Amino acid sequence: MENELHNFIKVWILAIVSLCYCFYISSKLPKGIFKPFSLTPIIIFFLYLPLTVSSVHLVGITAFFLSWLANFKLLLFCFDQPPLSPPPSNLFHFISLASLPIKLQQKTSSQNKSKPPQRSILFAIKVLILALLYHCYNYKRNLHKNVVLAMYGVHMYIELELTLALAAIPARAMFGLEIEPQFNEPFLTTSLQDFWGRRWNLIVTSILRPTVYYPMRRISTRLVGSRWTSLPAIITVFVVSGLMHELMYYYVTRVAPTWEMTWFFILHGVAVAAEVVVKKVVPEKMRLHPVVSGALAMGFLAVTAVWLFLPQLLRNGVDEKAIGEYCKLMDLLKGLLTF
């Protein structure tokens, strides 16, 4: 575990050096071919860096932060698009915005001051649930397979939310930035469109819109007209998300993709597009109640996740590796506290 932490630190030192190059060199280049040309080696390098780490948790963080989010932000930067353009005047601000899963929000005096305590309570509850899940894994051989899969689903959601929330803390602490939450209580969703667009992993949603959705929408307007232009754009976004998830799974498992993950997202893209069509042609008073449509959406998510999303992780023993790493980390922390 200590060796993996050493590799993890080395990877992030190299990433920070690379982003310094982007800030001091690439950002000074004029518009045109020179900026994309200067950033291409960094994008390729960020695709390589996760391969130098093998720990499930550490490679997952590195791949998601650098190979997906940072690279997509750098692609936008190539064409002078936010969030990295115009570049912040502060180098550390640039590095944080490029490498961390954060999206800035404008602070207003009308913000509800009761939200932070509520979020703190929810955060603590989710930490307790995650600890309970790790404890329950000791007895998973006595549990039904679907119960174990449900536990993994809840585990992945909570661990991802906690990881993204913790990653945003340095930017908030150093710069006093107001950071938008990465999740908006997805279990309260009212539809698939609501789940994917407004509640689940909002940093990915915010980066896929300018890189995939808006360009595809402009293209599809010429092909299908303005009324249905969002449908090809929606499906394209889900295809790209599926391919990026395949890449993330490859970093974690190091086995050839089976494309189950891509089909999971294609299926959801088609379902969301169908939902958009229904909302356009069916009057609001004839639609399902949000509670009913939300329950159906969560049921669809659960069934398709068990069918296509989770099996690849289980086949390659990622769950066992993750649990083993957690136990080693707990033992290391206990040793440090004892010392």
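Glycine is treated like the rest: Cβ placed from N, Cα and C.
Under the heading domain 'Wax synthase', TrEMBL lists 180-266. The transmembrane segment annotation in TrEMBL covers 6-25, 37-70, 120-137, 149-175, 228-249, 261-278, 290-310.
In the predicted model, the domain 'Wax synthase' (180-266) shows an average pLDDT of 92. Panel annotation: around the transmembrane segment (120-137), residues 143, 151, 154-155, 158-159, 161-162, 165, 323, 326 of the same chain, lying at least six beyond its termini, place a Cβ under 8 Å from a Cβ of the stretch. When Cβ-Cβ distances below 8 Å are used as the criterion, the transmembrane segment (37-70) is approached by residues 1, 4-5, 7-8, 10-12, 14-15, 18-19, 21-22, 25-26, 29, 77-78, 98-101, 163, 167, 203-204, 207, 244, 247-248, 251-252, 318, 321-322, 325 of the same chain, each at least six residues removed from its ends.
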